[in-house]
Amino acid sequence: MWRVGHLLLLMSIVFRITEEKSLGDAGSLEDSMFIQEQKLVEDDDLNKVESFLGFMKEDFLRKLNLSGVPQEHRKVQPPQFMIELYNRYASDKNSIPRSDVIRSFVVQDVIYSIRQGNKTQHRLLFNVSIPNHEEITSVQLRLFTLWHRHKPACDDLFTSINVYDVEYEQNAKILHLLDGRDVRESINTWEAFDVTGAVRIWHESRRGAGEIQVEVQHSCDSFDISLSLEDNSSAVVIVFSDDLGNRKEESMRKVKEMLVREQQQVGNQAPVSNRHRRRKRKAKNNYCRRTSLKVNFKDIGWDKWIVAPPEYDAYECKGVCYFPLTDDVSPSRHAVIQTLVNLSNPKKANMACCVPTKLDPIAVMYQEKGVITVRHLYEEMKVAKCGCR
């Protein structure tokens, strides 16, 4: 009898050890499956990022109407006006530009400068190239005024500046007055003159290059304009234009394709019942949200032609649309119904997708063939809000 009891005790101990080992193996197997699943999710996230960067590069060039990446051999110093313009658009979301494309063309050559008494004439050569699919809205000639304080002061500081378009007809030079003004403030500053009419003629005639004559009349010999070709105070033509192509419609089509692609990626993840419990436990940490996705132009080899910004946060939408859908993810009615169906029968409907619901614009300053351009890219460049759809 004692032997039978002892045997039963040994058998119960062995059974408990075996049972605990089996449970431990089952737990290890579940943990292993969970780790493997997490690795697949991380690999999928990496593929999404690479896919996004590829899409972003193509879309970026298309928005700028560039057939390829500009091959710039040297950095160009942007004119001060272009720097200020970019900073205003980049820092103030409510600052709406009058044109979506602004280009600067620095004076190519000073053909001559002649001083006769109290009058000085400067003949300037500009080479302005604007794509045919853009419409010129306005053009400024910006001149930096120089007051020579070391020279004797005049009783009456008076200076007038007139700007002319130079036209040649049968070897005859004809001057057409474009703009002019009197300058009385004795400080070094930028003065802007309207030369829209002349540059439009250059553009429509497809010759691109044109000459502008600047005449300075002063009451004393203490005033001039900066014509240095070595720094960013040189004379510069600023062209404001609108892109008349179907860029905006095409951009929205691309965004819709991106949304569909994200939906397909989520939809391809078949809802498996044994994953559903683990996902539910992690719902609070993996809920639909906007996360950072920084694009550094140096990292992708674009810093030679992108002047500013050096990087920007495009953001992305990550996570899953778990029940209940809260107001902060602004769910559509269809997403709410789809989530309820998925909750009751995961095989019947996938979960709603976490996608961008609002996109914001950015301003970009870049150089192409030595020309500095500021472009305001509308509504398609970075995620502002995410939601369940």
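Using the three backbone atoms N, Cα and C, a Cβ is placed for every residue, glycine included.
According to Swiss-Prot, the compositional bias 'Polar residues' annotation covers 263-272.
As annotated by Swiss-Prot, compositional bias 'Basic residues' applies to 274-284.
Taken residue by residue with DSSP, CYS288 (disulfide bond) is part of neither helix nor strand, so it is coil. Per Swiss-Prot, the feature disulfide bond maps to CYS288-CYS354 (among others).
Taken residue by residue with DSSP, CYS317 (disulfide bond) is part of a strand. Within 10 Å of the C-beta of CYS317 (disulfide bond) there are 23 other C-beta atoms, taking all protein chains into account. Annotation source Swiss-Prot lists disulfide bond at CYS317-CYS386 (among others), citing similarity to another entry.
Residue environment of CYS321 (disulfide bond) contains 27 other Cβ atoms, counted within 10 Å of its Cβ in all protein chains. What Swiss-Prot lists as disulfide bond is CYS321-CYS388 (among others), and the listing cites similarity to another entry.
Annotated N-linked glycosylation site per Swiss-Prot: ASN65 (among others), in sequence order, evidence recorded as sequence analysis. Under the DSSP three-state reduction, ASN65 (N-linked glycosylation site) is assigned to coil, being neither helix nor strand.
Summarising the annotation, Swiss-Prot assigns N-linked glycosylation site to ASN118 (among others).
Within 10 Å of the C-beta of ASN127 (N-linked glycosylation site) we count 16 further C-beta atoms, all protein chains included. The annotation N-linked glycosylation site is assigned in Swiss-Prot to ASN127 (among others) on the grounds of sequence analysis.
Among the features that Swiss-Prot reports, N-linked glycosylation site is placed at ASN232 (among others), with the record citing sequence analysis.
The N-linked glycosylation site feature in Swiss-Prot is assigned to ASN342 (among others); the stated evidence is sequence analysis.
For 263-284, the entry in Swiss-Prot reads region 'Disordered'.
Per Swiss-Prot, signal peptide is recorded for 1-20, and the stated evidence type is sequence analysis.
Within 10 Å (C-alpha to C-alpha) of CYS386 (disulfide bond) lie the following recorded positions from ASN65, ASN118, ASN127, CYS288, CYS321, CYS354: CYS288, CYS354.
Among the recorded positions ASN65, ASN118, ASN127, CYS388, the ones whose Cα sits within 10 Å of the Cα of CYS354 (disulfide bond) are CYS388, in sequence order.
Here ASN127 (N-linked glycosylation site) is positioned 20 angstrom away from ASN65 (N-linked glycosylation site), judged by their C-alpha atoms. Ranked by Cα separation from CYS388 (disulfide bond), the recorded positions ASN118, ASN127, CYS288, CYS317 are led by CYS288. Distance between Cα atoms for ASN127 (N-linked glycosylation site) and CYS321 (disulfide bond): 55 Å, as a whole number. Taken residue by residue with DSSP, ASN127 (N-linked glycosylation site) is part of a strand. There are 15 other Cβ atoms within 10 Å of the Cβ belonging to ASN65 (N-linked glycosylation site).
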